[in-house]
Amino acid sequence: MPGFQNANISDLAPPAREKTFDDTIAVKIPEDEKNTWFSWRKLWAFTGPGFLMSIAYLDPGNIESDLQAGAQAEYKLLWVLLVSHIVGMLLQRMSARLGVVSGKHMAEIAYDYYPLVPRIILWLMIEIAIVCSDMQEVIGTAIAIYLLSSGKIPLLVGVLITILDTFTFLFIDRYGIRKLEFIFVALISTMAISFGYEFVVMKPVLTKVLTGTVVPWCSGCGKEEIITAISIFGAVIMPHNFYLHSALVKSRKVDRSSKTRIAEANKYFSIESAFALSVSFFINLFVLSVFARGLYQKTNGDVNSMCLSHNDIPDSNVFPNNTSSVTVDLFQGGIYLGCQFGLFAMIIWAIGIFAAGQSSTMTGTYTGQFVMEGFVRISWPKWKRVLITRAVAITPTLILCIKAHGIKNLTGMNDFLNCVQMVQLPFALIPMITFTSSKRIMHNFRTSKPLQYFSIICGIITIGINVYFIFQYVTENFGTGWLIFVIIGPFTLLYIAFILYLAIYCLVACELMNDTVNLPGFDFHRTLELDAPWITETFVVNDVYF
């Protein structure tokens, strides 16, 4: 199969390309006079990539999953939020180590590791994930603008306004990576203050918050709560975020000729990522707890009667006057807070959503750059890449805005977009496990056998959870008729076949399958230009480098 073996995409595009990070802009790491295990100065120098990475855990899609979980299951799913952040931290640590040790990010390694056709498929899948994520962020920002303007700026205009994000990103990026990281920290702080304010005002029951966080159980939960728990997990583990994090760590100038310096970088990046994701967890906890306290076991009629006296709140009649359990999304969540605590609470909520959308769109743009640089290797000016990335995301969003006939019908797109991103997850998770387990890439920094097995198990569970969620979404929205399965059947088989294709490469990298097996369409011995400058001698005894 020629397309699956030795074809080279460099025949189609020039290999030379503009590097996002190089030695002239990479942050230098200070040298301490004293050889101490920990240095605050060094931690500060390494601080930044983890916060940019953590934005994916705070995007509008995650916020909406949080508020729906709170309204539906009260505090009972907080432990799912905690577990998903812990698993995410372990996976992000692997992604960061890959970038530090190899000196390349995931897309660049995939270009060298896989044959032509598989890597083109990988590239397209990740681009789809980026576009879907960007659509969520565009919609979230447009909703925030709608609420901040008290409904005077319609959703369609709000979507068009988000084009300015591109120019904002280009303007900030000109001043260097540290300035950009500061902006992201400011946006995360804005979210923490906004959602923290709502948490304080709502006064959740702290004992229930603590119990829901540490007790891994959901008493009295049924099918709907299980699906909600799955959506929380799926919304947190974002496929394109692994590609992003492995590239962001390259913004630090790490001496790869020194094993000590590489280990040091891995340590500080792990500490920074753990802190950033801890902040992310508490922000998500704030949102879930607010709506657990305010909307659990409430009906649409309850909220409708609350909103009758608030003429200053736009669309205060969004909740129908019936006895059905209340359903809520980003837009309705803001309206509810306005009806409960006044216009100021709605504005604070909108500011938090705006910050989430702004930060997520900029990281999505960055990810699009890295993916294009690695997979396609097209030498484009940065402004052109940014504009095209945003145009691809805005075009389908505009179409949805026109067809949705109003903001009330559009915000429910979150479940569909989360579903599409879940479909893409194996195409980031499996390659990452493969690369970090490979001796040819990581050498003596490859993940240990226990961690390999743990990550494989996590991967299988995560993919299984996502497949279950996708099945539920399809059957609930399109039914279970034979025609549906006839239509999606061929695509499902191709999807599973490609996952198995990637899984075989992963098993070979983990040495669970012999690379001497001659399988059609596989090339286990592609030449990789990954050096190991920290290794002074190149002989190996029992897989240990000396």
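Any Cβ shown, glycine's included, is placed from N, Cα and C.
Membrane sidedness, as given by the topological domains in Swiss-Prot, is identical for ALA263 and ILE378. For the annotation N-linked glycosylation site, the record in Swiss-Prot points to ASN321 among the listed residues ASN8, ASN321. Of the listed residues (ASN409, ASN514), Swiss-Prot tags ASN409 with N-linked glycosylation site; the rest carry no such note in the record, though that does not show they lack it.
Non-local contacts of ASN321 (N-linked glycosylation site) by the CB criterion (under 8 A, 6+ apart in sequence, same chain) comprise ASN300, GLY301, ASN304, SER305. For the transmembrane segment (271-291), the partner stretch with the highest count of Cβ pairs under 8 angstroms, out of 43-63, 71-91, 120-140, 229-249, 454-474, is 43-63.
Taking every recorded stretch in 43-63, 229-249, 335-355, 416-436, 454-474 and counting its Cβ pairs under 8 Å to the transmembrane segment (71-91), the highest total belongs to 229-249. Among residues of the same chain six or more beyond the topological domain 'Extracellular' (64-70), those with a C-beta under 8 A of the stretch's C-beta atoms are 77, 80-81, 228-229, 231-232, 235, 284, 287-293, 295-296, 327-330, 333, 411, 414, 418.
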